[in-house]
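Taken from TrEMBL as is:
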type	residues	note
TRANSMEM	78-99	transmembrane segment
TRANSMEM	111-136	transmembrane segment
TRANSMEM	171-192	transmembrane segment
DOMAIN	206-465	domain 'GP-PDE'
TRANSMEM	478-500	transmembrane segment
Amino acid sequence: MEKEDTSNTRQWKKCGPCMAGNCNHECYITCIIGLYSCHWEATPEENSRHGFCCCSLILGFLLVWEGYELYLHWNHKILIVLVILICTFFMAVLCIYWNDRWLTFGLSLKVFAPYLHLSCITMMVLLSYPVAFYLVTLEQEAIFRRDKITHHKRKRSKIFSRLTKLRAAQVAIGLPFFFILLCLCVVPWGYYSPCLVEKNKLGPKPDLFGHRGAPMLAPENTIMSFEKAVENRAFGLETDIYISIDGVPFLMHDHDLRRTTNIMEVMPNSSRIQSSFFYWSFLSTLNAGKWFVDSWRQPFHNMKPLSEADKEKARKQMIPKLSDLLKIAKQAKKYVIFDLNGPPPKHPFRNTYVRHVVKVILDTKIEQHLIYWLPGFDRDYVKQKAPGFQQVGRLSPVEELRRENISIINVDYKRLFHNGLRDYKAADITINLYIVNKPWVFSLAWCSRIHSVTTDNIELLRQIDYPYYFMVPSYYRIMWLFLDILTVVFIFAIFCFHWWRENQIEKVFESSSSYTGKVRGLPHCYSFAPRTWGLLFMSLTSAE
């Protein structure tokens with residue numbers, strides 16, 4: 001009986017060193033081939049040869065790495081081509097139509113960068129557990145393979161090939177992980193966030209221009225809208241001006257009247273005609289508020305519901321004249337900035353619309369310094385006729401602004417932050433940004449010491465008393481260093497734990513060589529990796 005046990009023990013010791021390559025490896029190859037070509041039958045490795053295919057890179061690379069020819073199933077080929085075409089189409093659409101959103105995304109990184117950095121380090125700590133598990137497992141497998149070289153001299157070349165693959169897998173997994181981790185640990189030295197600033201260097205809160213009044217509280221470009229903006233302590237009022245065919249400047253953003261008036265009910269056949277070709281006697285009869293209240297789709301997705309009194313007032317709004325707005329601004333001492341849209345060809349005021357608007361403004365007796373003059377056409381005449389107007393420029397070079405004696409610019413916030421904000425601030429140029437509706441964008445403008453912003457969401461931005469995501473640099477440095485140290489300790493502990501665990505399993509595997517009464521009848525050609533055999537032995541022992 002003792003002889004039989006001794007022979008069985010010798011038999012298992014003989015099979016043990018070759019137990020890492022056949023069963024598990026064959027299942028692994030069968031799985032990859034099945035996923036790649038829909039053939040779920042094992043392929044003998046002796047008949048394999050290298051092939052080439054440009055599809056299914058991951059599975060294909062694994063098969064080529066193992067020395068198998070690639071036979072991609074037609075279903076997979078069609079699916080891959082469709083996925084590539086669909087992804088290419090949507091990427092092209094995103095690049096063309098989401099250009100502004102990409103710029104906004106880039107700006108958001110400036111605001112959220114410190115918090116994103118801390119979150120990424122935390123994620124790397126969580127990811128280190130499976131990475132450490134896999135790297136330690138590969139290292140144990142490599143040690144086991146290296147020990148086999150001394151016992152199997154005839155199979156040295158095959159074992160060396162397997163060792164090379166194991167080391168390559170370790171490098172492919174470990175090197176990117178530690179490189180990314182190192183970059184995250186030192187990246188704060190290389191980026192700049194406006195929201196990391198000392199409290200004594202934080203500028204004053206930017207002033208607010210009501211974009212077309214308060215369009216989230218009342219119909220845009222109406223008297224009610226501008227009154228709501230004044231109620232919310234707006235610094236100034238922004239609007240758009242067209243000139244009727246009989247020379248009356250009125251407030252309207254669109255080139256036609258379909259979106260914000262009831263012209264489709266009154267005169268549907270003329271609804272697509274430009275608004276400048278209508279007489280003021282007709283324009284003054286159109287309703288400019290019902291669309292805001294009765295529309296099935298709200299103009300802004302996050303606007304608050306109106307009270308019944310505001311709904312009733314909104315339904316009665318008409319198209320206002322420029323002089324009506326100037327009366328409100330004059331009474332409330334509010335600044336006015338506007339886009340002046342030139343009349344179309346064949347319009348009687350095509351060439352004189354600027355001078356005509358200047359005359360209307362001066363006739364209202366409003367203080368000249370309350371007018372932010374934005375139109376660039378015929379600016380020399382405006383400077384001569386109304387020297388008190390504050391001249392406002394666009395996103396032009398600093399030298400050009402100085403040459404025209406312009407000290408204020410009105411620019412899109414997405415363009416400004418990507419086109420030399422520091423140059424304008426160094427030149428002491430007053431900056432107004434449009435259209436700022438999100439609190440994080442407003443906070444970015446605040447931390448960047450922007451003077452004013454134009455907004456639709458004046459009620460919300462008025463309530464912000466401190467910039468969001470603001471952080472003192474010293475506090476951030478403490479958090480950064482503390483988290484870096486904690487990350488190193490945690491990752492080191494995780495690797496030590498996995499190494500200890502694998503060593504425990506290896507000890508169980510070594511002790512299992514004398515355990516022959518529980519498992520019998522295994523073919524000599526099949527085997528398990530050391531870790532798998534150790535787990536199997538532990539499970540059998542616990543089951544007993």
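Keep in mind that glycine also has a Cβ here, set from the backbone N, Cα and C atoms.
Counting Cβ pairs under 8 Å to the transmembrane segment (478-500), the stretch among 78-99, 111-136, 171-192 with the most such contacts is 111-136. Outside the transmembrane segment (111-136) by six or more residues, the chain places 170, 173-174, 177, 180-181, 184-185, 187-188, 191, 193-196, 440, 443-444, 468-469, 471, 476, 479-480, 483-484, 487, 490-491, 494-495, 497-499, 501-502 with a CB less than 8 A from a CB of the stretch. Confidence in the domain 'GP-PDE' (206-465), given as mean pLDDT, stands at 92.
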